[in-house]
Each structure stands twice: as structure tokens, then as C-alpha cells.
Amino acid sequence: MAGGGIPVDGQVNAFSGRITASVVITCIVAASGGLLFGYDIGISGGVTTMAPFLQKFFPSILRKAARAKTNVYCVYDSQTLTSFTSSLYIAGLAASIVAGRLTAALGRRNIMVLGGSIFFAGAAINGGAENVAMLILGRILLGLGVGFTNQATPVYLSEMAPPKWRGAFSTGFQFFIGIGVVTANCVNYGTSRLSWGWRLSLGLAIVPAAIMTLGALSITDTPSSLVERGKLSLAKKSLTKVRGIDTDVEPELADLVKSSEIAKAINKEAFVTIFERQYRPHLVMSIAIPFFQQLTGINIIAFYAPVLFQSVGFGSDSALIAAIILGVVNLGSIVVSTFVVDRYGRRFLFIEGGAQMFICQVAVACVLAAATGTSGTKHISKGDAAVVLTLMCIYAAGFGWSWGPLSWLIPSEIFPMKIRTAGQSISVAVNFGTTFVLSQTFLTMLCHFKYGAFLFYAAWIAAMTVFVVLFVPETKGIPMNSMYVVWEEHWFWRRYVKPQP
Ligand code: BGC
């Protein structure tokens, strides 16, 4: 390998950094960016099962539900209803495409503030919506907001964290997504009895938006971003603050300046550079990781948990409770990930989580097949419904400690500075694009494939686990500026990368 000493497990670079109170607080504030995304994911599924909401905006679904005694899988199959959920993802996709350039030019923190403010406006419009147009406009603003925050927050966390604990710090983003989901599920449960409950559910999204926006205003930008934008003295101040005043930050600063000079010397658009052959592994990961994350089927569970449980025979209250249970299990497993990710590594979690999710999806398909009959006309018993819920909980735990947090962590940590924001942009865009297609098609798929929908996801989980085994290198503990080593040493990717100076 070129460039002398191999950085292993954070032993390289004296400036690897330690955990200070300041870095912890800063990263908690930044990670709260996940709240916006999570609240939205959790709120839409529940709101779309509320009768007053459907009555006002999508009355045809209620008429269909009243008639549909035939096939339990098809009641909620409506393109208009799914477009309510998925319009956010199209807007997020659009925002994430410009967000890369903006995050490089204006800094990670400022983009978090911008994203939070736009999300706030979207929440307010949704809460006051009088017609479908207002509803969709609100969703578009929410989407633009998360397009920005999902771009900037993971990069912020990875750049701010001490390398040795980068995994744990970055998991904070997924943790807040999880808190957002559970909060939203509880809010839905509380408001579902009110005729205007849906307004409260949608409007309360202003709370996470305000928390994150005000929080972001109080933190400094990352040293990398400040160096990238030529603000050296601010970068030094920021580094001293997060690494501790008694730490000599000069070597770390010098390293960042060197990376930034290399980036500037290339003087090419990051979006062009990333397509060069030497960045093929990075490009593949920025596309494959978020794509596969969505093909675990998590959002089908996350958005449609209440709808899904109702479809398979839970009452509407118990469907909302089931969604809360799932969310809490998911949250717990993210905490487990925080403790494991920097110790046993990313690959271990990917592989274990993949195996667990695969088994659960296959088992859910078998139970549903047996319980509802091949035509889907039999309503499932309480016992079978409980088995489905348990399996889904085990599945959600598997996701919570693997593809959940790791899909945000890997793209935020593998890129060299010159293509980092471009890489993250691609990754967020792929995440939103895939979520859009899957959420738009799932209820139709459920209607036609019935329990087979779960086998579809099981097959993808098997494929992605093989992909991890063969192509995803271990990145735990490696400082971001030395990340080239993992590709230089990889049996497949080494033929692409150029030796580093
Ligand atoms: C995914 C989302 C998903 C959420 C569930 C995130 O990492 O990107 O699509 O809804 O996890 O908690």
C-alpha cells in the first residue's frame, strides 16, 4: 500500500480525538435532525387510517373500505392515498440534488438550519390544510426540508466525531429518527379519537422542526467544512472546542488543510470527479447502500404498519398500538448498535441484521399464507396476528442495529473531502427515490402478491447480505482522511483506486 503506515483501528494519527462534553452535546443537537424525518415517517401511516382525514380528503377510500369484504390485502390500495405519503420523497429527492453543492458552499450547519425552517413551514401548512392541494404543498415543503437535513446531518456527525467513536456518534441520527417515529405513533394514538386529530398530528411536526432549527443555530460548523470554506481561524476555534482546550489541535487542522488543498487543486466539480474510475467503489456504495436499505422493506413496515396491521385483521386502535410497539423495539436496537458498531464493526452488524431480517420476512409470509388463505379472504385470528407482530418486532430490531444506522453512516464516512457532499447527495437522492417507488407501489403489491410481498423483500435481503460479504470493507476506527486504505486493501476494489500520496 502507498503512503506508508496503515491506519488501523484509530491507532493512526495522534489527533484521533477523545470524547469531550462539548462534542457529545454538539452531536446530540445535530443528530436531532433525524427527528424531522422520523416524525414524518411515523405520522403519515397513522393519519392515513384516520376516518375524518379520509372523509375530508380521500372519501372514496372509505366507501371502498365499507364495501371491501373480499380481499383483506386490497382495502388501502389507492394511488392518491399513497401519493400523499410519497410526494414528500420526490421533493426530498429534488432537494438532495442541490443540497450537495449548498452544503459544500454554505456549510453543514447552515443547511440544517435551512432544512429545519422549510420543514417548519410545511408542517404549519399541513396542519391547516383545507384541500388536497394544501396537503400536497405542505408535504413538498416537508420533503425539501428533510432533503436538506438528511444531507447535512450525517456528514456533520461523521466529521465532528472522534474517529474511534464515529460509528456510535453517527448512530445518533438514526436514534433520533427512531424517537421521531415513536413520538409520531404516540401522537397518532392520542389524536385518533378527535375529529380534527389529523390536524394536530400533522401540525405538531413544527415541534421537532423548531427544536432542531434552534439547536442548530447554537452549534458551530464542523472543522472540515470551515476549512473547506477557507475559514481557518474559525476551524481552529471549532476544533479546540470539540477536542478540548488542553488538546493540541494543530496536527488535525494541518491534516484537514492538506485534504482541502488537494480537493481545491483538482478544481473540478465534485459531481464530475465522483464518476472517475478511481472513485468507482465510492460511487457504487453511495448508490447500493441506500438502495438496499429500502429494499429491506423497512418503510413498508414503518409507513404502513397501522394500515398493514388493519389489513391483516387488527382493529384500528390495536393497529396503532402495534405500530408503537414496533417503533420502541426499533429504538432499543439502535441503542444496541451504538455500543457495538465501533467494537465489532459495520460488517458484523450488516450480516447479523441481514440474517435476522431474512428469517423474519420469510416467516411472516408463511404465517400470513397459512392464516389468510391463498385468496386473502380469511380474516386472521388474534393468535396469528400476535405471531406476525412478534416476527415484525424481531425484524425491526434487526434493521435497527444494521441497515438503519449503517446506511447513513457508511456514505457519510467513506468519501474523501473533495467528493464528500456530492457522494452524500447521491446517497440521499437514491434513498428518497427508492422509498418513493416502493411506497408508491407497495399497497398495490400487497393487494396482488398478498403474503408474497414479504418474500419479495426476503429475496432482496439475501442479495444485499451477499453484497456486504463480498464488497463492503470494514471502516471501523479508520480516520476519514485515511479511508483510502480500505479500498487499496480490498480484494476487488483495489484495481480501481489510485495509490494515495
Ligand atoms: C430509513 C428510512 C426509514 C427509517 C426507519 C431510516 O434509516 O432511511 O427510510 O423509514 O430508517 O426508522
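Each residue, glycine too, has its Cβ placed from N, Cα and C.
Any TrEMBL annotation is an automated prediction that lacks curation.
What TrEMBL says about this protein:
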- 19-39: transmembrane segment (TRANSMEM)
- 26-476: domain 'Major facilitator superfamily (MFS) profile' (DOMAIN)
- 86-104: transmembrane segment (TRANSMEM)
- 111-129: transmembrane segment (TRANSMEM)
- 135-157: transmembrane segment (TRANSMEM)
- 169-190: transmembrane segment (TRANSMEM)
- 196-219: transmembrane segment (TRANSMEM)
- 283-307: transmembrane segment (TRANSMEM)
- 319-341: transmembrane segment (TRANSMEM)
- 348-373: transmembrane segment (TRANSMEM)
- 385-410: transmembrane segment (TRANSMEM)
- 422-442: transmembrane segment (TRANSMEM)
- 454-473: transmembrane segment (TRANSMEM)
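Long-range contacts of the transmembrane segment (19-39) within the same chain: residues 109, 112, 115-116, 119, 142, 145-146, 149-150, 152-153, 156-157, 160-162, 165, 169, 172-184, 204-205, 208-209, 211-212, 215-216, 218-220, 241-244, each at least 6 residues beyond the stretch ends and with a Cβ under 8 Å from a Cβ of the stretch. Listed stretches 86-104, 169-190, 196-219, 319-341 were compared with the transmembrane segment (422-442); the greatest number of C-beta pairs under 8 angstroms is found for 86-104. The transmembrane segment (319-341) makes contact with the transmembrane segment (169-190), as judged by at least three Cβ pairs under 8 Å among residues 6 or more apart in sequence.
Beyond the ends of the transmembrane segment (111-129), by six or more residues, the same chain brings 30, 33, 36, 57, 95, 99, 102-103, 135, 137-153, 156, 199-200, 202-206, 209-210, 212-213, 216-217 to within a C-beta distance below 8 angstroms of the stretch. Panel annotation: around the transmembrane segment (385-410), residues 150, 154, 158, 166-167, 170-171, 173-175, 177-178, 285, 289-290, 292-293, 296, 298, 301, 305, 309, 312-314, 322, 325-327, 329-334, 336-338, 340-341, 346, 349-350, 352-357, 360-361, 363-364, 367-368, 371, 431, 464, 472, 475 of the same chain, lying at least six beyond its termini, place a Cβ under 8 Å from a Cβ of the stretch.
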